[in-house]
Amino acid sequence: MTDKLIIFDTTLRDGEQSPGASMTRDEKLRIARQLERLKVDVIEAGFAASSNGDFECVKAIAEVVKDSTICSLARANDRDISRAAEALKPANSGRLHLFLATSALHMEKKLRMTPDQVFEQARLSVRFARNLMADIEFSPEDGYRSDPDFLCRVIEAVINEGATTINVPDTVGYAIPELYGNFIRNLRERIPNSDKAVWSVHCHNDLGMAVANSLAGVKIGGARQVECTINGLGERAGNCSLEEVVMAVKTRKDYFGLDIGIDTQQILAASRLVSQTTGFVVQPNKAVVGANAFAHASGIHQDGVLKARDTYEIMRAEDVGWSANKIVLGKLSGRNAFKQRLQELGVAMESETDINNAFIKFKDLADRKSEIFDEDILALVSDESVTHSNEQYGFVSLSQHSETGERPQACVIFTVAGKEVKGESDGNGPVDASLKAIETHVKSGAEMVLYSVNAISGSTESQGEVTVRLQNSGRVVNGVGSDPDIVVASAKAYLSALNKLQSKADRVAAQG
């Protein structure tokens, strides 16, 4: 009889800590719904006590997602725990995730606490949390670099107080697979009550081994939960990649002997959604979800695949959501065909009004572009989903003029708090002129630290997807915009980033 491996997704919490990856409430809700369609077991929706905005995000996700356990991170203190429990009240199934550093370095330099003080705080915080909720996870932060004797003492105590999941993080990505797997196994063997909790792994990718370490924690250490993110999103070099660990366990069931509840056909839709929302482009050679993941350039390989797919393919592209039919719709396609394709791509719009608005944009795109690809549709609905009436800035139209030897001129019409304004400027190029035209009214003072363009599909007709990263007063945000006209896509991306900066500033102001 096989065991089940629990998939704990932390894209919305740990993944969002990647510089520029901050998401709005509506963007988080859309990703949470996709994670639910993916059949993720546990969704870490945020850190409820960190801000009013995060509290509202966790609460909103708990209200709408009913088929996954919703989790909030909390420091090991009564205030954080109470705040997280309050945000999780609407959840069908909720989990409190408590963390407290246990390595000598963190206790001395960060917490400025003695080991005995940390031990008591860990024990009492779990006791307090257990009075509020039955499902309690405890993470000894920097656990892999902690003294094993002290770690055993802490973990035994928190299990006695009611912790149901023990997560051992490799917080700085220092571990090596065999050593990490043995570390988990030794803890489980030494702690008398280790069988009273599910053991979990949480690995960072600083040395490029987050997935390998996680799998070693499962196979060697006996862990039955993996904490991971879509596309491996996360601070520094990222986290364990959900799609990679899931497909490794599923493809090599002969080795791992574990069941997994993930609907793998939703993996690609989740990857694209996270990429388009955050502006972090997936590298072409990324395992499972990269554009080249199932491409065969070698003539020998192509011949083998045509004769028998399993000569060079260990998993089927369609099993993770890739479609063999790339060209899907055109200008004569109707609303029902458009709606059906959205469903096939795993996209759920909020209402019929949203579908109608997206369809109008689709028809406009089809008038300008003869062949509409899946990537075009996903970019289009992503643009539609991040445009809301309550946003400070909204794109309306753009015109620009340039001749060889002259500075380009641009005129951008956009909304500020619902009112249309017109900005005009020249610049070093049409993009520069357009963004300067926006700044004639906004005067954000933000510094652009990244500007990148990605072709959504592979032709000169392709839509361009532009990512703009802005930095202001210590806040870093990404904005994403798409359009067949790169200048228009740039203006949309810039306004998107400005909206996120405004949203962050509003949250800070609300907290006083």
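The backbone N, Cα and C atoms fix where each Cβ goes, glycine too.
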Residue in Asn182, Asn231, Asn239 which Swiss-Prot records at the Mn(2+) site where Asp14, His202, His204 also bind: Asn239
CB contacts for His202 (Mn(2+) binding site) [other CB atoms within 10 A, all chains]: 28
For Asn239 (Mn(2+) binding site), nearby residues of its own chain (Cβ under 8 Å, 6 or more apart in sequence): Thr10, Asp14, Gly15, His202, Cys203, His204, Asn205, Ala210, Glu227, Cys228, Thr229, Gly232, Leu233
CB contacts for Asp14 (Mn(2+) binding site) [other CB atoms within 10 A, all chains]: 24
Local confidence of the prediction over the domain 'Pyruvate carboxyltransferase' (5-268), expressed as mean pLDDT: 97
Residues close to Mn(2+) site centre defined by Asp14, His202, His204, Asn239, Cβ within 8 Å: Thr10, Pro169, Thr171, Cys203, Asn205, Ala210, Glu227, Cys228, Thr229, Gly234, Gly238, Cys240
